[in-house]
Amino acid sequence: MVTKRVTLLILAILVIASPFFFPSSFYYRIGSLIFVNGLAVTGLVILIGYAGQISLGHAGFAGIGGYSCALLPAHLGLHPGIAAIVGAILSGAIAWLVGRPILRLKGHYLAIATLGFGILVSMVLANEAWLTKGPDGIEVPDLGLKDVLELVGLDLSNSQFWYWFSGIAFVIGAWVALNLYDSPSGRALRALHGSEIAARTVGIDVARLKLQAFVISAVYASLAGSLLALQNKFITPDVAGFMHSIEWVTMAVLGGAGSVLGAFFGAAILTTLPQVLTVFQEYEQILLGLVMMLCMIFMRDGLLPSVLRLIRGKDK
Amino acid sequence: MTTLLEVSGLGITFGGLKAVQDVGFRVNPGEIVSVIGPNGAGKTTLFNMISGVYKPSTGSVKLDGENVTSMDPYLLARRGLSRTFQNLQIFQTMTVLENAISGFHLQEMGPLLADLFHLPSMKSRAGKAETEARALLERVRLGNAAEKEASSLSYGALKRLEIARALALKPRVLLLDEPAAGCNAVETEEIDHLIAEVAASGVAILLVEHDMKMVMRISNHIVVLDHGEKIAEGRPEEVSRNPKVIEAYLGTEAANA
Ligand SMILES: Nc1ncnc2c1ncn2[C@@H]1O[C@H](COP(=O)(O)OP(=O)(O)O)[C@@H](O)[C@H]1O
Ligand SMILES: [Mg+2]
C-alpha cells in the first residue's frame with residue numbers, strides 16, 4: 001500500500017512536471033482528458049475498490065453533470081460553474097434514489113441494473129430533443145474563469161487552462177478519496193467488501209454505507225461529465241453511453257480498482273493510447289474488451305499492484 | 001440475577017430439513033453457557049438465528065427483555081450482542097489493526113463529511129479507536145502483528161483476532177462459535193483464560209466448543225443438541241453423566257470409526 005502522502009506527492013509532481021515533456025500543445029488536451037477520466041475512475045475506486053460494488057452505468061451521472069452545464073445556464077440563467085455543482089447535487093440525489101433498491105442486488109444483478117440505469121439516462125438525453133436538442137448534442141457556455149485569470153495577468157491558452165483546472169480537480173478528488181480510505185467510513189466500506197456478514201455483526205449498516213459509496217462515486221462521475229462538457233463547450237448523449245461507462249470501469253480494473261494511484265495509471269494508459277495510436281482508435285471497443293479479459297485472467301488486482309508485487313518479489 | 005439472553009422455542013427449517021427445533025435456554029450476566037452436540041447437530045445454525053443472520057421459523061430471542069427475534073445483526077450489535085464465526089469471517093485485505101478497529105465501528109463512526117475531509121473530530125474518534133484496538137491486540141497477543149495484512153496470519157492467530165474484534169464492541173452478550181478450533185494446546189489454554197476473564201467482567205457468554213475438557217472446566221451451564229433438538233441441559237457434571245448425552249456422542253463416534 002502506497003501511503004496517502006506519497007500518492008498525493010506523485011500525482012502533484014505528474015501534474016506539474018508533465019508539461020515540460022510535452023512535444024506539442026496538443027498534449028495539454030490529452031493531459032486534461034486523463035485528469036477528467038482519472039476523476040471519474042477515482043470515484044469508481046471508491047465504489048468498486050473500497051466497497052466491492054460494481055456499476056456499469058456511471059456514465060449516466062456524467063451525462064447528468066454534463067447536461068446540467070448546458071441546460072441550467074440556458075434555461076435558468078445559472079453560471080456554468082454553479083450549474084456543475086447543482087448537477088453534482090442532482091446526480092447525488094438521483095444516485096441515492098436509484099441506489100436504494102439497486103444496491104440490494106449483488107454481482108451480476110447489480111451490474112445489469114446499473115447498466116440499465118446508464119442506458120436509460122443516455123436514451124432520455126437522446127430522445128427528449130425538446131429539452132436536450134437530441135442526439136446531435138448541445139452547446140455549453142464558457143466557464144469564464146480563463147478570462148478572469150487573464151485579467152489578473154495569467155495568460156493561458158485554452159488547452160493549458162483546462163489542463164491545470166482538471167489537474168487540480170483531479171488531485172483534490174484523489175485527496176478526498178484517500179481521506180475516505182483511512183477513515184471510519186472507508187474502513188467500514190472495505191470491511192463490508194471483505195465480509196458482509198462480519199461487517200453487519202460489528203454494527204455496520206451495510207445498506208447505508210453502500211449507498212454512501214454509490215452517491216459519492218456518482219458525484220465524482222457527475223463532476224467529470226461537467227468538466228468534459230465545459231472544456232469541449234459541447235456535449236452529446238454519448239457522454240452517458242454504455243461505452244463510456246465500460247471505458248471507466250476498464251480503466252479502474254486495469255490500474256487496480258483498490259488504489260487511487262492505480263486509477264490514475266489506468267486512466268492515463270487508456271486515455272493516451274487511442275490518441276497516439278490510430279490502431280487503438282479504430283479498434284477501441286475490441287481492445288478495451290481484450291484489456292478487460294487479460295486483466296481478469298492474469299492480474300486480478302490490476303496493473304499497478306501486480307507490478308509492485310513483481311518488483312517486491314524480486315527484491316526478496 | 002436478571003436474564004440477559006433468553007431463547008425460547010427457537011426452530012428453523014431448510015427445505016424440509018428441520019435443522020433446529022424448539023430450543024430454549026437462558027444466559028445471565030457473567031455466566032458461560034455452552035452448547036454441545038455432534039457435528040451437524042445445529043449449533044452454528046442456532047447461533048446464526050440468535051445473531052440475526054438467519055430468520056427463525058419459530059420461537060423468539062429476547063435481549064435484556066426486548067424481543068429481538070430476526071433483527072438485523074447490525075442492530076443487535078448496537079444492543080450489545082457480538083459474535084465470532086466458526087468459519088473465519090476476517091476482513092482479509094485489511095491489516096490486523098484495521099480488523100480490530102472495525103470492531104469499534106459504532107464508537108468511531110461520525111458524519112461522512114468529517115471522513116471525506118479528515119476533520120479533527122474524525123481524527124480524535126479514530127485515534128481513540130486505534131488506541132483501544134492496539135490494547136485489545138496486546139491482550140490477544142497480536143500486538144506485534146498489528147501492521148500486517150490479516151491474510152498473512154496463521155489460523156490460530158486469526159481466531160484470536162476475531163475474538164478481539166468481537167470484544168471491541170464491549171458486548172453484553174458474546175457468542176463464540178468454536179473459538180479454539182484449530183488452535184494448539186497453549187493457544188487453547190489462553191483462549192480459555194480469556195473467556196473466563198470476559199465472563200468475570202459480567203458479559204453473558206454463549207459458547208460452542210469441541211474441546212470437552214475446556215467446556216467442562218469453564219461452563220456454568222451446558223445445553224446439549226442432537227439432530228437439532230435439545231436432548232439435555234444442566235451443570236457440567238450432570239450433563240456428562242446423562243445417558244442420552246453419552247449415547248449421542250458414542251453414537252457419532254461409532255459412526256465415525
Ligand atoms: N443455510 C443452510 N441451508 C441448508 N442447510 C443448512 C444451512 N445451514 C445449516 N444447514 C444444515 O443444518 C444442520 C446443522 O448444521 P450446523 O448448525 O452447521 O451444525 P453444527 O454447527 O452443530 O455442526 C446441518 O445438517 C446443515 O447441513
Ligand atoms: Mg458449527
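Glycine residues also receive a Cβ, built from the backbone N, Cα and C atoms like all the rest.
Residues annotated as transmembrane segment in TrEMBL: A:27-49 (among others).
Same-chain neighbours of the transmembrane segment (A:82-99): 61, 64-69, 71-73, 117, 210-211, 214-219, 221-223, 225-227, 230, counting only residues six or more beyond its ends whose CB sits under 8 Å from a CB of the stretch. Taken from TrEMBL, the feature transmembrane segment covers A:82-99 (among others).
Marked as transmembrane segment by TrEMBL: A:108-126 (among others). Cβ atoms under 8 Å from those of the transmembrane segment (A:108-126) belong to residues 53-61, 63-64, 67, 98, 102, 132, 134-135, 237-238, 240-242, 245 of the same chain, restricted to positions at least 6 beyond its ends.
Feature annotation from TrEMBL assigns transmembrane segment to A:161-181 (among others).
What TrEMBL records for A:213-231 (among others) is transmembrane segment.
Under 8 Å from some Cβ of the transmembrane segment (A:251-274) lie the Cβ atoms of residues 1-2, 7, 10-11, 14, 30, 33-34, 37-38, 41-42, 44-45, 48-50, 170, 174, 177-178, 181, 280-281, 284, 287-288, 291-292, 295-296, 301-306, all in the same chain and six or more residues away from its ends. Under the heading transmembrane segment, TrEMBL lists A:251-274 (among others).
Feature annotation from TrEMBL assigns transmembrane segment to A:286-308 (among others).
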